[in-house]
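Student: According to TrEMBL:
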- 109: active site, nucleophile (ACT_SITE)
- 165: substrate binding site (BINDING)
- 268-281: compositional bias 'Basic and acidic residues' (COMPBIAS)
- 496-506: compositional bias 'Basic and acidic residues' (COMPBIAS)
- 330-434: domain 'Pseudouridine synthase I TruA alpha/beta' (DOMAIN)
- 1-44: region 'Disordered' (REGION)
- 217-284: region 'Disordered' (REGION)
- 496-518: region 'Disordered' (REGION)
C-alpha cells in the first residue's frame with residue numbers, strides 16, 4: 001500500500017510591526033487589567049511582553065533633562081511611572097528599567113525639549129489602548145504618539161545612527177550692535193555715542209540716540225551747555241556698578257511710562273532734573289507717546305542699529321548675514337575633537353571626537369512677533385552642552401567678539417579654551433534617525449520614522465515647544481540677557497589668535513601632552 005505523499009512545508013509568514021498587537025501567545029498576566037466576561041471568577045488572560053519603540057515628544061520646561069536622576073524631576077522618571085500605571089510594566093519590575101531593556105535614543109539636557117524622541121523596551125502592549133492610557137496619566141507637557149514593534153535585539157540608543165537638533169536663535173542675536181556687553185556701556189560713558197540701559201531686556205546696552213519708539217528725555221540749556229542735550233536715563237551709580245542692575249531689573253514686556261530705569265534713585269534724579277528745568281524755564285522735549293501696539297512691536301522686532309557708516313535701519317537676516325553664519329557653522333562639519341564644547345571630558349578622551357554630518361541656518365521663522373533663525377544640526381551623537389556651545393561660539397563670532405580664526409583654535413586637541421554656552425530654551429531634539437536599522441529590517445518590520453506622526457508632532461511643537469521658546473524671550477529675555485555676557489572679561493580667550501597672530505596659544509598641561517602622545 002502506497003504511503004500518502006508528504007505535505008509541502010508552509011512558508012514562514014513575515015511578522016510586520018504594528019502599533020496594535022493581536023497575538024494570542026500566552027505568558028505572564030498583564031497587571032491591573034481584568035479580562036472581559038461576566039463570570040464571577042473569570043480565568044485571567046495571559047499576555048506576552050513585546051519589544052517596541054515608543055515615539056514621543058515633550059517640553060523640557062520645569063524638567064531636569066531626559067535622563068532619570070534621583071531627587072530630580074525628569075522626563076524619564078515620569079515616563080517610567082506612567083508605563084507602570086498603564087499596565088505596560090509589572091509590579092516586580094517597577095523602578096528597575098534594566099529588567100525591561102529600557103533605552104533612550106537621545107539624552108537631552110535640562111530645559112531642552114524634544115519633538116521626536118524615541119525610547120525602547122519590553123512592555124505589555126495588550127489589551128489595546130496603551131497610547132491612550134499613557135497620555136491620560138502623563139502631563140500635557142509629554143505626549144506619546146505611538147509605538148512600533150522592533151527586533152528582540154533593538155536598542156534605541158545603539159541603533160540610532162543620527163540625531164537632528166534645532167536651535168531657534170533670535171535674529172537680533174546676530175546683530176553686533178544689539179545688546180552690547182557691559183564693558184561697552186561703561187567705556188562709552190561721556191562719549192558722543194553713550195549707551196544706556198537696554199529697555200528690551202532690562203539691562204544696559206542699548207543706544208540712547210536715534211532709536212525707534214520712545215526716546216530718552218533731554219535737557220536743553222543753551223546758556224550753560226551751548227544747546228547740547230544731556231542724557232539722564234541712567235543712574236551713574238548703576239552704570240558704574242554692574243551688579244546693581246540685576247537687583248532691580250524688570251521683565252521684558254512690562255509696560256513702562258517712560259524710558260527711565262525702574263529704580264527709585266533714578267526716578268528721584270529725573271524729578272530733580274525736571275524741577276530744575278522748570279525753575280530755569282528750560283525746554284524739556286518729550287518723545288511722542290506710542291500706542292501699546294507700537295510699544296509691543298518695538299520690543300519684539302529686531303533692533304535698530306547704527307552701522308559703521310552711520311546709516312540707521314532694521315537689522316535683518318539677509319544674504320550677507322546668512323552666508324557668513326553658514327560659513328561659520330560649516331566649520332563644525334566633519335570629525336573633530338570637541339573637548340572645548342562640553343564639560344568633564346578631557347581632550348585625550350576618545351569620546352571627545354564627534355562626527356557632524358551637517359549644520360546650516362538657512363531659514364527664518366516668526367513666532368509670536370519674534371524672528372528666529374532656524375539652526376539645524378545633524379550628527380551621529382552629541383555630548384553634554386555641545387550644541388549650545390557650538391551656537392554660543394558662532395554667535396560670538398557673528399557679533400565680532402572674537403575673530404573667526406578662534407573657531408579653528410577651539411577645535412584643536414592641544415588647546416583648552418572657555419567657550420560660551422547659549423541658553424537651553426531655544427534647543428530641541430527634532431528627530432532620531434534609524435537609517436541602518438530600517439534598511440536591514442525593511443522586509444520584516446515597519447520603518448522607524450516620524451512620518452506617521454508628523455502632523456501630531458507639528459501640532460505639539462507649535463503648542464508647547466515653540467510657544468515656550470517665544471514666551472521665555474518675551475518675559476525673561478533669555479537670549480537678550482545672555483548676549484551681555486559675551487565680552488573679554490568673561491571670556492578672555494576671545495582675544496586669542498592663531499599661531500601666526502599676536503597672542504600666544506595656551507599650551508596644554510604636561511599630563512595632557514603625555515596622554516595625547518600615547
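Just so you know, glycine gets a Cβ as well, placed from its N, Cα and C.
In TrEMBL, annotation is done automatically, which means it is predicted and not curated.
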Student: If you skip the near sequence neighbours and keep only those at least six away, which residues in the chain come within under 8 angstroms of residue 165 (substrate binding site), Cβ to Cβ?
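Tutor: The list for residue 165 (substrate binding site) reads 376, 377, 378, 382, 387, 427, 428, 429, 430, given in order along the sequence.
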Student: Using DSSP, how many residues of the domain 'Pseudouridine synthase I TruA alpha/beta' (330-434) fall into helix, strand and coil, respectively?
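Tutor: Split by secondary structure, the domain 'Pseudouridine synthase I TruA alpha/beta' (330-434) comes out as 29 helix, 36 strand, 40 coil.
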Student: If you count Cβ atoms within 10 Å of the Cβ of residue 109 (active site, nucleophile), leaving out that atom itself, what do you get?
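Tutor: So the Cβ neighbour count for residue 109 (active site, nucleophile) comes to 18.
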